[in-house]
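Participant: The compositional bias 'Polar residues' feature in TrEMBL is assigned to 469-481. If you look up TrEMBL, you'll see 36-455 marked as domain 'Major facilitator superfamily (MFS) profile'. Annotated region 'Disordered' per TrEMBL: 468-495, in sequence order. Positions annotated as transmembrane segment by TrEMBL: 37-59, 71-92, 104-119, 125-147, 159-182, 188-209, 246-270, 282-305, 312-330, 336-358, 379-396, 434-451.
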Amino acid sequence: MTGEKKKKKRLNRSILLAKKIIIKDGGTPQGIGEPSVYHAVVVIFLEFFAWGLLTTPMLTVLHQTFPQHTFLMNGLIHGVKGLLSFLSAPLIGALSDVWGRKSFLLLTVFFTCAPIPLMKISPWWYFAVISMSGVFAVTFSVIFAYVADITQEHERITAYGLVSATFAASLVTSPAIGAYLSETYGDTLVVILATAIALLDICFILVAVPESLPEKMRPASWGAPISWEQADPFASLRKVGQDSTVLLICITVFLSYLPEAGQYSSFFLYLRQVIRFTSETVAAFIAVVGILSILAQTVVLGILMRSIGNKNTILLGLGFQILQLAWYGFGSQPWMMWAAGAVAAMSSITFPAISAIVSRNADPDQQGVVQGMITGIRGLCNGLGPALYGFVFYLFHVELSEMDPAEGPEKGGKPNMANPTDEVSSAIIPGPPFLFGACSVLLSLLVALFIPEHNALNLRPGSYKKHNNGAQSHLHSSQGGTCEGKEPLLEDSSV
């Protein structure tokens, strides 16, 4: 009996020691309350609110730092950041499966916000650090993993929607606030405020955010090696061609999201330099389009899904995107941008509809595999899209000769063309990359026509090994199928 008591005491001490180690590493439910979606919402809101404040100062600093090839450098900076995020996201997701979410939330938010104070200290270092911060700029991946840990399968779509809506809401008000403060008190105050909010976000994670990964999931993973398959960013992309329906969906996502990613990286700069919006007008544009997008993704999307079906909703969204990009490409007046912005809000229904059709057609235990493929495609577009847009702007010599931040773009901004031929083409097509994007989405629409609306799709549960995609990796059990590279993802699917 004495020996058994000693063994129990030693076991209890070992358990307590293990808990202390987890606490030290940020792995227990330390924080305020139980892990919840609201913790994730606050982290996302504070991070992107801080960056939203910098919309106006960043456009000014970007042109002052790269006066000759502003669009090209903007595309390269965001392109490098996007590619690094694409390459690092699977590894960070796999590591968070082993070491917990909280420590990686802290890591990603810290390095994502690290460039903010450098904007006024050294603009060159600011843009260099922005590019390199792409290695850790995967907060959304960790946040979705956090949400997956604490929600049931049927609750996850709603929780993800709440996180995405919070991201949009953070960008509705912050650019307008940043533009007002910049105009009234100068850019320095805006940078200080953004830095303070970023620090508040870091402190919130340290103090208030509890670890979401259940303790029972942790000991089995202690010391577990991270395989190359888990960390390989191209692993999910290599599986795309194994099923015709998944292939069609992924091609649709690639052709539609490539111009969207490029547009996000350069559009606000385009509004200021070419369309000659003021800082306040750009902020108001972001707010209005953001509000309309939230309405489109909540109210309008639900109505369309019930009335015309999933596939037709995707086609309608792609049609709106073609119209929006063509309007951006040919439009030269401010009212045209506002009208196209309203259309852009309607085009935001496309990706939620694609996610829904994937969720419906894929087997529950393989949702992460197919969603991981789509996430990988979007990550690749986040690197290629900005670089492509910057290069097209450079080819057409769409640059700005001067932009005095004190006078605003109306007085100092006029597109600078290298020769008369470029001036004529600019008069006809002010935004060449957007027209290229419209052509890309048109191809996406043609591909989407072949996506089956209703298909009895069953995934083979033994087709894949454990798939760590950052969001649901620990939810899938390891499978020992030997025909991994031969069996299709979606059984009996056809064009």
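Counting begins at 1 with the first residue displayed.
Using the three backbone atoms N, Cα and C, a Cβ is placed for every residue, glycine included.
On this model, are these features tucked inside or out on the surface, and what's nearby?
Facilitator: Mean predicted confidence for the domain 'Major facilitator superfamily (MFS) profile' (36-455): the pLDDT average there is 79.
Panel annotation: around the transmembrane segment (37-59), residues 31, 105, 109, 112-113, 116, 119, 139-140, 143, 146-147, 150-151, 159, 162-163, 166-167, 169-171, 173-175, 177-179, 181-182, 187, 190-191, 193-195, 197-198, 200-201, 204-205, 208-210, 268-269, 272, 279, 282-283, 286 of the same chain, lying at least six beyond its termini, place a Cβ under 8 Å from a Cβ of the stretch.
If you look at the transmembrane segment (104-119), the same-chain residues 6 or more away from its ends with a CB under 8 A from one of its CBs are 26, 43, 47, 50-51, 54, 57-58, 61, 92, 95-96, 125-127, 129-130, 133, 135-139, 142-143, 146, 187, 191, 194-195, 198, 201-202, 205-206, 209.
Sequence-distant contacts of the transmembrane segment (125-147) (same chain, at least 6 residues past either end, Cβ-Cβ under 8 Å): 35, 37, 39-40, 43-44, 47, 61-62, 65, 73, 77, 80-85, 87-89, 92-93, 96-97, 101, 104-105, 107-112, 114-115, 118-119, 156, 159-160, 163, 167, 212, 375, 470-473.
Residues 55, 59, 62-63, 70-71, 74-75, 78-79, 82, 239-240, 282, 286, 314, 318, 321, 325, 328, 350-351, 354, 357-358, 370, 373-374, 377-378, 380-382, 384-386, 388-390, 393, 431, 433-434, 436-438, 440-441, 443-444, 447-448, 450-451, 489-490, 493, 495 of the same chain sit 6 or more residues outside the transmembrane segment (246-270) yet have a Cβ under 8 Å from a Cβ within it.
Listed as Cβ neighbours of the transmembrane segment (282-305) (distance under 8 Å, sequence separation of 6 or more from its ends, same chain) are residues 52, 55-56, 59, 161, 164-165, 168-169, 171-173, 175-180, 268, 271-272, 312-313, 316, 337-338, 341-342, 344-346, 348-349, 352-353, 356.
Listed as Cβ neighbours of the transmembrane segment (312-330) (distance under 8 Å, sequence separation of 6 or more from its ends, same chain) are residues 252, 256, 259-260, 263, 267, 301, 304-305, 336-337, 339-341, 343-344, 346-350, 353-354, 357, 428-438, 441-442, 444-445, 448-449, 451, 453.
Long-range Cβ contacts of the transmembrane segment (336-358) within its own chain (Cβ-Cβ under 8 Å, at least 6 residues beyond either end) map to 161, 249, 252-253, 256-257, 271, 275, 277, 285, 288-289, 292-293, 295-297, 300-301, 304-305, 310-311, 313-314, 316-318, 320-321, 323-324, 327-328, 330, 367, 370-371, 374, 451.
Long-range neighbours of the transmembrane segment (379-396) within the same chain, counting only residues 6 or more positions beyond its ends whose Cβ lies under 8 Å from a Cβ of the stretch, are 69, 71-86, 89, 233, 237, 254, 257-266, 422, 425-426, 432-433, 436-437.
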Participant: What same-chain residues lie close to the transmembrane segment (71-92): Cβ under 8 Å, and 6 or more beyond its ends?
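Facilitator: Beyond its ends, the transmembrane segment (71-92) has Cβ neighbours at 62, 65, 104, 107-108, 127, 130-138, 141-142, 226, 230-233, 235, 261-262, 265-266, 269-270, 375-376, 379-391, 393-394, 398-399, 468-470.
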